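Database features, via TrEMBL:
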- E119: active site (ACT_SITE)
- 1-28: compositional bias 'Polar residues' (COMPBIAS)
- 35-44: compositional bias 'Basic and acidic residues' (COMPBIAS)
- 62-189: domain 'Aldehyde dehydrogenase' (DOMAIN)
- 1-50: region 'Disordered' (REGION)
Amino acid sequence: MSFNGEEQQGQSLTESVTHGEAQTTVLASQRRRQPGGEEKERPRFTPRNQRHRWKVRQWVGLGVPDGVINVVTGYGATAGAAISSHMDIDMISFTGSTVTGHRIMQAAATSNLKSVCLELGGKSPFIIFKDVDLEKIVPLALLGCLYNQGQICVAGSRVFVQEEIYDEFLVKLEEQLKKWVVGDPFDSNGSILLKSRHIHHLLFF
């Protein structure tokens, strides 16, 4: 079964689902005019995260059958809408904004009443107990709150700290916070965006 999107402003989109082989594919392309006047289609969506590709290869190497894991790339208004309203998809699990959650529920209700599991908003809490290593957890708690300027659905925007270590945690948090530089993101002297330090922080995840 396939969905063919309308071509708009030189762009074309095709979304296909092959149920017999349990495979899902979304191909999105953009027409590019070549010097000779011919148009050539180039992919708009390509896997950017090598780590995720490596993880998929690892699963396949462990004997996961073909078709169990399918990566569908695309925009919510096209790929997401097609999946949410598809009559042969039985469940949607989504983490993201409340607005998008509403749209998914509406599409699920008006299609085949598929099951929907939603995790919406950005109030993920840190829960810190007194037996924690504060030297390790304080930078992580700070990064969880400020990563991507806090504009991310998994932002740790609340921190619950056990009373016995609350004061010490607060002092160390303030010390770490003062080291963060707010300003021009292209300034190489900004501690937040130094490449080596950024990678070091991301490895904690």
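Any Cβ shown, glycine's included, is placed from N, Cα and C.
Within 10 Å of the Cβ of the residue listed as 'active site' there are 12 other Cβ atoms, across all protein chains. Each residue in the domain 'Aldehyde dehydrogenase' (62-189) gets a DSSP state, and the totals come to 54 helix, 20 strand, 54 coil. Regional average pLDDT for the domain 'Aldehyde dehydrogenase' (62-189) in the model is 85.
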